[in-house]
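Novice: Below is the structure I would like to discuss, written out as structure tokens.
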Amino acid sequence: MTTITAPPGSAEVRRKTLLVLLIGITSSILYLLIYFAQRAIYLNGLPEEIRGIPLQEGGTPLNNTRLLWESAGYYGGTIALFTLYFWLLRLCRCGQLRSGAARTLALLFPLLFNLGLLFGRPYISIDVFSYMAHGYLAITPGNNPYVDAAREVIESPFGRQLVPWGWWPVHGISPYGPLWLQLEAAILRSTQQIPSALLLFKSLVVASSLLCAVLIWCILSRVRPQDRLLGTLVYLWNPMIVIEFAAEGHNDALMIVFVLLSLLLAVQARPTASMVALVLSVLTKYLPLIFLPAQVVYFWRTRSPRWNWTGLVLRLLLGLIVGLGLAILLYQPFWVGVETFRGVQAASQAQFAASTRMLLSGYLQYLHPQAEAAQLATQILRGIFSIYLLIASLEVRDRQSLLKTFANIALVYLLVASPEYWPWYASTPLALMALSPHGTFYWMLFVLTFCSRLVAPLELMMTNGFMTKEVKEWNSALVALALPLLIFLVLSTWSTVSSRWNTRN
């Protein structure tokens, strides 16, 4: 009789595969727990109607005791989910996901998380319903999302369809770029049934988010192949990414796609196409303009020997000209001169919104009148970020430093200069830190996204009457901005000191 002997290490491979399977199944259960905990918090204190329009599930009275149990479920599930996330990444860093089965499962489970949450409705944000309101305005003759506020849709038959889903008519004119506005209009032209439109918006966001993971894999394959699995899993398994994109449907995913595509084209030495991709990201949301200086410096420092400086400038200008042409086409139906940018201007001047500016302004009010303190805080933080942006951009010298600089710029902007904070704003720094998943960035990706999940339900609690706006904004700013900023400064200082010490010795 022939005895079949298992190859050396096969038992260990099976053990790691089963471990990934266990982490994935447990994470799936935790996502369900968090989803239903969010729903319970949403319902607790929800009024019967908004502006005289009855809600689908409204009319539940405030109950503080029940909120404690609901919060325990949410926060307990969140802590457990991040623990499993950390465990999986640790397995990857230790080289224990190299077997085909374990690696396949590690890449497959996030797809299942996204697909499962795709078919649920959002509970902690109403943004996707405001996207529908913008789209409705875009296709309605005589209306313009850059002129008319989303909240005005409440007076229309479509607005009366939105409200039962929990949409509050509070948002103003659109702060988004024309590319996203055109997509909003296209979806509303195809259907004005809320369930169908919701599925289309969320499908677009989920597809964009998964494409982000593919782009992270492609970028790291060219820059640091040994990190491509780790970087991809950093993004795919992050609970903030899964919940804010698959469950809530935020459009940041599409913006990040174009930022990552721009980086991929940059490391492939394709400056014209890279500039076009960056312009497309700006035409989705205006934030990626902050990456332009670093990208220009990168192309200057790494230009091909076949190009002189004139050749490089012409290639960059060609990319900008193509981008400008796309902008003209996309803006054309909605252009109203400088008023087109009134929405983004209003967002940048948000009063008493969670931000580092609010924290600094609160301190400066001990020394100056309130209005003067707010203006001074804005000037100080913008000055700090502008100086940092210049210094960081000038330090770009190669592909690896380009990736790190993009991540640093996104992180510092969020923690220092962003005029307001929402939990999904952490998605851009997270996606860029996934391209350099070591050292300070490795720890910051946990800190930043975990803190974002801690404050995510506060908006619901405020809306339903459990806390005031002041309490909500201060807690959000302290937990999601001040704490990560402090940790970032400590980690960065420690990294710098350690590096210099190692160099000397």
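Glycine residues also receive a Cβ, built from the backbone N, Cα and C atoms like all the rest.
Straight out of TrEMBL:
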type     : residues : note
TRANSMEM : 18-37    : transmembrane segment
TRANSMEM : 72-92    : transmembrane segment
TRANSMEM : 104-124  : transmembrane segment
TRANSMEM : 199-220  : transmembrane segment
TRANSMEM : 275-300  : transmembrane segment
TRANSMEM : 312-331  : transmembrane segment
TRANSMEM : 373-391  : transmembrane segment
TRANSMEM : 403-422  : transmembrane segment
TRANSMEM : 442-462  : transmembrane segment
TRANSMEM : 474-495  : transmembrane segment
Novice: Out of 199-220, 275-300, 312-331, 373-391, 403-422, which stretch touches the transmembrane segment (104-124) the most, going by CB pairs under 8 Å?
Specialist: 199-220
Novice: Between the transmembrane segment (275-300) and the transmembrane segment (312-331), do 3 or more CB pairs sit under 8 angstroms, pairs being 6 or more residues apart?
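Specialist: Between the transmembrane segment (275-300) and the transmembrane segment (312-331), which are separate recorded stretches, there is contact, as judged by 3 or more close Cβ pairs.
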Novice: Near the transmembrane segment (199-220), which same-chain residues lie under 8 Å Cβ to Cβ, leaving out any that are not at least 6 residues past its ends?
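Specialist: Sequence-distant neighbours of the transmembrane segment (199-220): 110-111, 114-115, 118-119, 128, 131-132, 183, 187, 190-191, 227-229, 231-232, 235-236, 241, 245-246, 249-251, 253-254, 256-257, 260-261, 263-264, 267, 403, 431, 434-435.
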Novice: Take the C-beta pairs under 8 A between the transmembrane segment (72-92) and each of 275-300, 373-391, 403-422, 442-462, 474-495. Which stretch has the highest count?
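Specialist: The stretch I would name here is 442-462.
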Novice: Could you pull out which residues elsewhere in the chain have a CB under 8 Å from any CB of the transmembrane segment (442-462), counting only those six or more residues past its ends?
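Specialist: Residues 38, 41-42, 67, 71, 74-75, 78, 82, 85-86, 123-125, 234, 238-241, 243, 354, 411, 414, 423-426, 429-430, 433-434, 468-469, 471-472, 475-476, 479-480, 483-484, 487-488, 491 contact the transmembrane segment (442-462) from elsewhere in the chain.
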Novice: Give residue numbers and ranges for long-range contacts of the transmembrane segment (373-391): same chain, 6 or more residues beyond its ends, CB-CB under 8 A.
Specialist: 290, 293, 351, 356-358, 360-362, 364-365, 367, 409, 412-413, 416-417
